[in-house]
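As listed in TrEMBL for this protein:
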{"type": "TRANSMEM", "residues": "B:24-44", "note": "transmembrane segment"}
{"type": "TRANSMEM", "residues": "B:50-71", "note": "transmembrane segment"}
{"type": "TRANSMEM", "residues": "B:78-98", "note": "transmembrane segment"}
{"type": "TRANSMEM", "residues": "B:104-123", "note": "transmembrane segment"}
{"type": "TRANSMEM", "residues": "B:130-156", "note": "transmembrane segment"}
{"type": "TRANSMEM", "residues": "B:176-198", "note": "transmembrane segment"}
{"type": "TRANSMEM", "residues": "B:219-239", "note": "transmembrane segment"}
{"type": "TRANSMEM", "residues": "B:245-264", "note": "transmembrane segment"}
{"type": "TRANSMEM", "residues": "B:276-293", "note": "transmembrane segment"}
{"type": "TRANSMEM", "residues": "B:299-320", "note": "transmembrane segment"}
Amino acid sequence: MSEAHSLVAQNITHRFGGALALDSVNFDVRGGEIHALLGENGAGKSTLVRILTGALTPDSGLVVVNGEGWRLRNPRQAQDLGIGVVYQDFHLFNNLSVAENIFSSSPHPPSRFGMSARRDMYAQSHELLASFGIEVDPRAQVSSLDAAEKKLIEICRALLRSPHYLILDEPTAALEPRETSKLLGVIDQLRARGTGVILVTHRLGEVAEIADRATALRNGVNAGSLTASEFSLESLAHLIVGQEVLVETGPQHIPGPTKLKMSNLQIRKDARPVEVEVRAGELVAVIGLIGSGVSTVMDTASGAIAARGARVEIDGASYQFRSRVQAQSLGIGAVPIDRKATGLILDASVAKNTGLANLESYSRGGFTSRKKLGRAAEKSKELFDIRLQSVDQPVRSLSGGNQQKVMFGRWHQNGSSILVIQEPSQGVDIGARQEIHRYLISFAEQGGTVLFSSSDLEEVRVLAHRIYVMHAGEVVKILDNTGADRPSRQALTQAMADTNFVGLEREVSL
Amino acid sequence: MSVQDLTVSKVAGKRQSRFTAESLFVPGLLVILLVVLSLVSPVFFSGRNFGQILVQAGTLGIVAVGATYVIIDGDLDLSLGANVALSGVITAIAIARWELPWPVGALIGLAVGLLIGLINGLLSSYLNVAAFIATLGTGVLASGIAIHLTNGLTIAGLPDDFAALATGRFLGLQGLVWFMLATFVVGGVVLHFTNFGIRVFSVGGNRDAAYLAGVRVSFIRLMSFVIAGLCGGLAGVLLTARVQAGQPGISTTLTLYATAAVILGGTSILGGQGSLLRTFFGVLLIAVVQNGLDILGVAYSLQQVAVGAVFILAACSEAIRRRR
Ligand SMILES: Nc1ncnc2c1ncn2[C@@H]1O[C@H](COP(=O)(O)OP(=O)(O)OP(=O)(O)O)[C@@H](O)[C@H]1O
Ligand SMILES: [Mg+2]
């Protein structure tokens with residue numbers, strides 16, 4: 001199509017402090033097209049997104065909307081030009097209801113005689129949510145939702161304004177497979193209606209499945225583009241990294257005796273209590289749909305929540321976790337699902353975030369040794385290849401993937417023998433993802449114990465020895481992921497979604 | 001090659017901007033004020049008057065150290081002024097009415113401050129009452145008790161030895177000033193060079209994340225309140241010693257000034273960011289404004305207007321800087 005219906009980033013250059021984040025970058029999307037924006041962590045994707053949506057004004061360059069050049073000064077301007085966005089981080093009002101959030105950026109929320117009409121708002125929200133197949137009560141407070149539901153609410157909010165162009169910055173990072181395919185379906189519909197969609201993602205499967213074009217940024221410059229006919233996982237990976245990417249093999253070693261055993265965790269009143277066992281050197285995955293109880297299992301195992309009655313046995317000794325402090329003293333490191341909300345102190349330095357869990361080892365008589373702390377952070381920087389200017393810079397200024405590596409660095413330095421990880425590679429690029437996987441496998445080879453949850457089934461398949469499948473607050477299946485009969489992706493999806501299966505399993509066990 | 005350049009330029013750029021934008025505003029304002037006041041009034045620029053400024057900054061400074069801890073860890077202590085009043089009054093009563101030796105009276109005063117801090121901490125961090133509300137309550141309570149104990153009058157008849165604690169000179173400076181400087185130094189060392197300090201910042205920066213990293217969040221918050229309470233107690237004892245009387249009525253403005261000094265210095269009211277050096281400059285700024293207006297013969301009520309104006313100015317500049 002002509003430039004009359006397109007959104008173009010023209011010659012964008014932007015610096016943060018002295019560092020060049022984007023260097024004469026060009027990018028465009030036409031109406032009725034899905035253009036994937038790819039690149040490693042810190043390549044500049046989110047920066048470009050923020051520029052296209054007026055959240056950031058570039059040092060130079062223009063945003064050209066339908067042939068007309070703009071220097072966008074604020075998000076409102078972009079909204080008025082028909083540009084909608086869902087940012088990488090959450091931008092929701094946690095204390096407001098789902099409906100209020102959906103209408104929070106709408107210029108015309110439903111009203112009667114100048115008063116906001118809640119009932120209409122709930123009704124319209126319900127309709128919108130239902131058209132997505134999202135089962136969330138519009139009256140529910142957003143703080144009670146989980147990460148995936150929040151993401152979907154943000155997408156609904158962006159769609160409410162019927163934007164001509166929709167920019168989605170890693171929308172699927174928090175979604176499990178069923179929701180991901182639902183979201184991809186919606187994007188497909190939008191394309192059919194003539195909307196131009198920019199999709200930022202690290203999941204190459206999605207790109208191959210749905211995008212028309214893909215363009216990668218590398219260190220803030222255009223690294224090239226591919227069109228749909230040229231797509232393959234290999235070609236896309238190559239485009240991003242600039243070299244061949246190895247195929248992952250998964251753990252080859254055989255785990256030792258039982259290390260951690262969680263029992264008697266009652267997630268729902270009518271459900272069987274959950275029991276999870278992980279051996280020393282074993283990598284165990286827990287998967288399930290939204291609301292199946294995966295996060296409760298993880299939070300209980302890490303001591304982040306104190307579930308009543310649940311017992312955790314470590315090396316044969318039994319505990320009832322009362323606090324995170326207690327779990328940590330037993331060698332359990334925890335990587336939460338939302339590293340920004342509950343994982344990192346964003347304004348504190350990389351060094352402090354790395355050392356926070358065991359400051360005692362970097363201090364003498366209570367006085368912190370900046371040198372020791374800095375050295376520890378340098379070590380984890382080397383080990384995980386964390387891209388940063390200085391270990392004293394605030395974690396906030398790192399890209400998402402690098403922030404995730406700081407989380408891993410913390411527990412590595414802390415000497416934890418058990419890692420409880422939610423979404424090990426959420427928002428992490430393919431290179432970093434493989435590094436994290438390699439680290440976890442070598443951690444396990446040396447006797448470390450890993451319990452992780454992931455919505456990315458490929459990740460589960462290349463990382464786990466065994467897979468616990470959850471449904472409605474129960475463990476419905478435990479799958480062996482080693483040897484010849486490893487479950488396929490389809491088999492996993494089916495195991496998660498098949499509710500009849502639960503009844504069957506129950507009968508067998510009773 | 002280019003990566004290296006990038007690293008250097010970025011770090012350099014950062015340092016520079018941090019230096020100019022954040023840490024120089026209040027000191028700059030201070031210097032300007034000093035110059036202007038020296039030109040306007042011949043009395044202002046003298047060692048004697050500078051000593052006086054520090055004395056004026058004394059009580060405020062000690063209280064502001066406590067306030068800094070509580071604000072950085074993400075809470076707020078509105079009871080500080082009342083704490084000063086009550087611990088000062090009880091010190092005076094212990095010495096003048098109960099006729100206890102003055103060091104014992106002083107220790108009792110400190111204990112009262114500590115107790116108020118402890119109650120604030122228990123209420124906010126273990127019972128999860130919002131700090132704003134808990135400390136508002138204890139503040140009203142404490143100042144009520146102070147007024148009740150004294151029937152609203154000041155208590156006189158304190159020994160000279162006790163007064164010397166605050167007014168006795170050492171190396172040309174009054175005891176109160178030394179106590180204030182010592183509080184800043186000790187407070188600063190603990191806040192900026194110890195594990196406890198890092199944890200205070202972490203709890204203020206992100207409570208949930210700190211918890212997940214194994215920080216005893218409730219304990220850290222409790223300790224910050226206790227430190228604030230102790231500072232309040234110390235300020236109360238020294239104030240009583242300086243004016244030779246228990247003063248039940250000083251509470252509200254002191255709380256506000258202390259909080260203003262902290263924020264003026266550039267410590268974030270949202271927690272997780274700040275420093276005691278900044279608070280020190282904030283305290284000096286307020287003291288210099290008050291002193292300058294004193295010298296110029298401006299009424300006390302108008303001084304308050306001026307302090308308010310300076311505070312709003314600094315807050316605006318802070319907000320504008322953050323937006324950029
Ligand atoms: N506010 C900021 N201040 C300083 N540097 C920043 C800021 N925001 C981003 N950067 C830097 O700009 C570069 C690009 O970051 P950006 O967030 O655009 O990466 P990204 O491609 O979205 O990465 P990810 O896949 O991890 O989300 C990174 O080096 C990052 O550290
Ligand atoms: Mg990004």
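Including glycine, each Cβ sits where the backbone N, Cα and C put it.
Note: TrEMBL annotation is automatic and uncurated.
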Excluding the flanking five residues on each side, which residues at least 6 beyond the ends of the transmembrane segment (B:245-264) place their CB within less than 8 Å of a CB in that stretch?
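Tertiary neighbours of the transmembrane segment (B:245-264) are 26, 59-61, 63-64, 66-68, 71, 76-82, 84-85, 88-93, 96, 139, 142-143, 146-147, 149-150, 152-156, 158, 239, 274, 279, 281-283, 285-286, 304, 307, 310-311, 314-315, 318.
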Have the transmembrane segment (B:50-71) and the transmembrane segment (B:276-293) got at least three CB pairs under 8 Å, pairs 6 or more apart in sequence?
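Per Cβ check, the transmembrane segment (B:50-71) touches the transmembrane segment (B:276-293).
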Please identify the stretch among B:78-98, B:104-123, B:130-156, B:176-198, B:276-293 with the greatest number of Cβ pairs below 8 Å relative to the transmembrane segment (B:24-44).
B:276-293
Apart from its near flanks, which chain residues at least 6 from the ends of the transmembrane segment (B:104-123) lie with a Cβ under 8 angstroms of it?
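Residues packing against the transmembrane segment (B:104-123) from afar: 66, 77, 79, 82-84, 86-88, 90-92, 94-95, 98, 129, 131, 134-135, 137-138, 142, 162, 165, 221-237, 240-241.
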For the transmembrane segment (B:78-98), give me same-chain residues lying six or more residues beyond its boundaries with a C-beta closer than 8 angstroms to one of its C-beta atoms, as numbers and ranges.
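Residues packing against the transmembrane segment (B:78-98) from afar: 59, 63, 66-67, 104-106, 108-110, 112-113, 116-117, 120, 132, 135-136, 138-143, 145-146, 149-150, 155-159, 162, 228-229, 231-233, 235-237, 239-240, 245-256, 258.
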